[in-house]
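Q: Below you'll find the structure I mean.
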Amino acid sequence: MDMNTFPANTYCDSIVRFLDAIEYHDDNLTHDERVEGLRHVHSRTAQYFTEPLPRKVLKDVAPRRIAAVTRTISHFIVYCWSKLPREAQVDVSIYLSIINVLDDEISSEPSTQMATFWTDLVQGKQQKHPFWVLFNSHLPRLLRHYDSFCSFNIMRCTFDYFEGCWIEQHNFQGYPGADCYPLFLRRLNCLGGAVAGTIFPAAKFDEQKLFAEISCVMAQIDGPVALVNDLFSFYKEYDQDEANLVTNWCTVDGITMDQALTRLTDDTIHACVRILEILKDKDPDMLATIRGFIHGYVTWHICDFRYRLREIYDREDLGGSSAKFRDYFDTAINVGWVDVEEWTCQVQGFEVDGPVPKGSEIQAYRTNAFGFSVDTRRPHNMDYVGSSIISMFEWVTGYLKGKSR
């Protein structure tokens, strides 16, 4: 699609309508709490990637990609899993970082490496695909924070995510009339089950006592996790020729992008309002946890400028809800913005092109995103890889020593 045809006013109205519906007000953390959480979670997540197994498995992955992932995911975890104990936050951050670092590996045809997957799994043999090699090592570390039902859902969702990426690498948008396909694929790869599983640690939630409530969250959570992301991604993905929920709807249902945006907005509002309404007279800690996730999720999207909402903010041709959109944007930035220098390590070799940018610019456009601006023209030889990882390790070690004093 041509960005010149982007329905900016309609999109502005959609964001405002959604934020009005959930009564957006992120009071999860103070600024100092965000900084402390980001420093701890990021340093420990970065440290994981200096360990022997991930270094071996990821030897061909550019270090700046790993650095970008660890920054993004640390930011995501601290803002959305804000009520999780710190060590559980670290292990969830590592879990999602592995997924994002290896996304390209899943998106290349995995059939050969997966040929003996189930036999190897049942017989306890070494897996062949790098995704599962790393997860076989990390999952026990993650699951120790959770009881059996939440652990089961984390595992289920991990399998679902891999399958969703396997399907997506074919860039198949579904046949006309296959109306179940778009949401089927979106549920597979949205990681809703992992969110619901990891957000209720055994230390804070009695799984047996709250089994019905947790089961209900498992059923409802895919909508908030997937659709909020799709709504905030609508602008940046408008001119990209990629299969996603919105373009898949257009393909299978024969609707326009404007109609798809209206559907997406309505469904996002319904999903978020419904889960909060269901929980409002249930366990108060569970309600606070889900509300905190949704509101933190909004803050994270607005503070991650890869979603390019600043471009909407700066447009001079907006009417209607533009003033309220800007108010919400300013509120989220005031609550959630933390300059990258306050919490993350600087790693040799991760420079960006052009003049030396300020930390906010680095965070916004280069290092704090799920889509990575890696300079693929530059060869990543072993000296470069080694020195970059060593620099990261030295920074992390120094930081942890300082914390232990």
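Cβ from N, Cα, C; glycine included.
As annotated in Swiss-Prot:
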- 103-108: motif 'D(D/E)XX(D/E) motif' (MOTIF)
- Asp103, Glu168: Mg(2+) 1 binding site (BINDING)
- 227-237: motif 'NSE motif' (MOTIF)
- Asn229, Ser233, Glu237: Mg(2+) 2 binding site (BINDING)
- Asp241: Mg(2+) 3 binding site (BINDING)
- 316-323: motif 'WxxxxxRY motif' (MOTIF)
Q: Do you know the DSSP helix, strand and coil residue counts for the motif 'NSE motif' (227-237)?
A: 7 helix, 0 strand, 4 coil
Q: Between Glu237 (Mg(2+) 2 binding site) and Asp103 (Mg(2+) 1 binding site), find the distance joining the two CA atoms and give it rounded to the nearest Å.
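A: Rounded to a whole number, the Cα-Cα distance is 18 Å.
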Q: In whole Å, how far is Asn229 (Mg(2+) 2 binding site) from Glu168 (Mg(2+) 1 binding site) when you measure between their Cα atoms?
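A: Cα to Cα, Glu168 (Mg(2+) 1 binding site) and Asn229 (Mg(2+) 2 binding site) are separated by 17 Å.
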Q: By the DSSP assignment reduced to helix, strand and coil, which category contains Asp103 (Mg(2+) 1 binding site)?
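A: Going by the DSSP assignment, Asp103 (Mg(2+) 1 binding site) falls within a helical segment, counted as helix.
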Q: Which are the residues of the chain, Asn229, Ser233, Glu237 excluded, whose CB is within 8 A of where the CB atoms of the Mg(2+) 2 site average out, their centroid?
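A: Surrounding the site, in chain order, are Asp230, Leu231, Phe232, Phe234, Lys236, Asn244, Tyr307.
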Q: So how many of the residues in the motif 'WxxxxxRY motif' (316-323) end up helix, strand or coil by DSSP?
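A: Looking at the motif 'WxxxxxRY motif' (316-323) with DSSP, the answer is 2 helix, 0 strand, 6 coil.
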Q: Three states by DSSP: which one describes Glu168 (Mg(2+) 1 binding site)?
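A: Reduced to three states, the DSSP call for Glu168 (Mg(2+) 1 binding site) is helix.
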Q: For the motif 'D(D/E)XX(D/E) motif' (103-108), what is the mean per-residue pLDDT, to the nearest integer?
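A: Across the motif 'D(D/E)XX(D/E) motif' (103-108), the average pLDDT comes out at 63.
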Q: Under 8 Å Cβ to Cβ from Asp103 (Mg(2+) 1 binding site), same chain, six or more residues apart: give me those in sequence order, or none if nothing qualifies.
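A: Non-local contacts for Asp103 (Mg(2+) 1 binding site): Cys165.
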